[in-house]
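Quick look at what TrEMBL annotates:
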DOMAIN    1-120  domain 'Gfo/Idh/MocA-like oxidoreductase N-terminal'
DOMAIN    159-248  domain 'GFO/IDH/MocA-like oxidoreductase'
Amino acid sequence: MRVVLVGAGGMGKAWLATILADPAVELAGVVDLDLDVARSALADAGVPDLPVGTDAVELARQTGADAVVNVTVPQAHHPVTTAALFAGYPVLGEKPVAPTVAQALSLVAASEASGKPFVVSQSRRYNAHAELFQAQARALGDLGSLATEFFKAPHFGGFREEMDHVLLVDMAIHQFDLARFLLEAEPVSVYCEEFNPPWSWYAGAASAAAVFEMSSGARYTFTGSWCAPGLETSWNGAWRLSGAAGSATWDGDHDPVVEGAQAGPAADPGEGIAGSLAAFTRFLADGTPLWGEVHDNVLSLAMVEAAVESAATGARVRLDDVLDRAHAQAVADERRDDVLAVLKGWGSARAALRR
Ligand SMILES: NC(=O)c1ccc[n+]([C@@H]2O[C@H](COP(=O)([O-])OP(=O)(O)OC[C@H]3O[C@@H](n4cnc5c(N)ncnc54)[C@H](O)[C@@H]3O)[C@@H](O)[C@H]2O)c1
């Protein structure tokens, strides 16, 4: 599979190294709005002669690529991915699927209208310990509660220290997505509070607490902070799961610890973005099912949007209401007739996402 990589920033460089290391994938070229950034990423990776460009579709056509990997900033996810899908290229894109659920629904419809797959790389699912934790969750029978504590104190500098809802939008989407994966259930509603401790070095709320009701009846609770020095958790967070047949904890970095019914061994899904890329390659080659197909991924972003809305209003927010409002917004904003026809043809966004 020959791919064009779009976006050569911090995460783009990690993707560049991952693509070069995967024997099933060939890098056709690198696109960035800033050509010097693209050139220097290629030079740093030891492949300075590969083609560069500023337009993904143009470079994909010039180089005869098979697919596009979109690692641009979130604001560029919708335009870059839509253009690639309608030019005939399958797309693997970084999380979040888009900045808003409305744009995410437009991308679901664009994938349907173009007939090309769009997969969101939610790379924290690709983790052997998380896979084992999910197997353990199944062994514990009916599940009552899943909880994540996420406490870290990074000084990123740059956009994160200025953005609104920084913990919920930039970080918690990983844990919310993992909660869907671990519970094998979908979010129904959420109550959330977010706040910024007095010592925070972030402009937006760096701390949050949220309780989700899930479709299985289980509750998922998230508490976290990005300005919590001391006794820091792992980047995956610290997890606790309680089921009818016992309990399990996971520190995010090692195998889970269990008291109760034990699961057998679990398959290794590969690690992080390398696992995500390998799954995408297999999916395109022979249709092997994978995580993150855009229909499936939207609900992870919807959890974030619902939590932010709950924190702003002080009310419990239903996910169906978030999806209905996003659907109406997507219809109002859509500029492509073919995508609009798909959006209008859905009975409801929730029903469309179950496909
Ligand atoms: N999975 C993870 O753990 C993880 C970690 C970090 C970042 N990310 C995600 O990766 C993505 C990129 O983040 P980053 O930290 O690399 O950002 P960045 O700002 O460092 O780099 C983004 C690059 O995209 C380029 N770009 C922007 N618009 C473009 C367009 N229309 N066409 C071509 N290039 C364009 C910019 O010039 C820039 O070089 C984001 O969606 C972010 O959320 C994921």
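Cβ coordinates come from backbone N, Cα and C, glycine included.
A TrEMBL annotation is a machine prediction, not a hand-curated record.
Helix first, then strand, then coil: DSSP counts for the domain 'Gfo/Idh/MocA-like oxidoreductase N-terminal' (1-120) stand at 57 helix, 24 strand, 39 coil. Per-residue confidence over the domain 'GFO/IDH/MocA-like oxidoreductase' (159-248) averages 96 (mean pLDDT, predicted model).
Broken down by DSSP into helix, strand and coil, the domain 'GFO/IDH/MocA-like oxidoreductase' (159-248) contains 21 helix, 33 strand, 36 coil.
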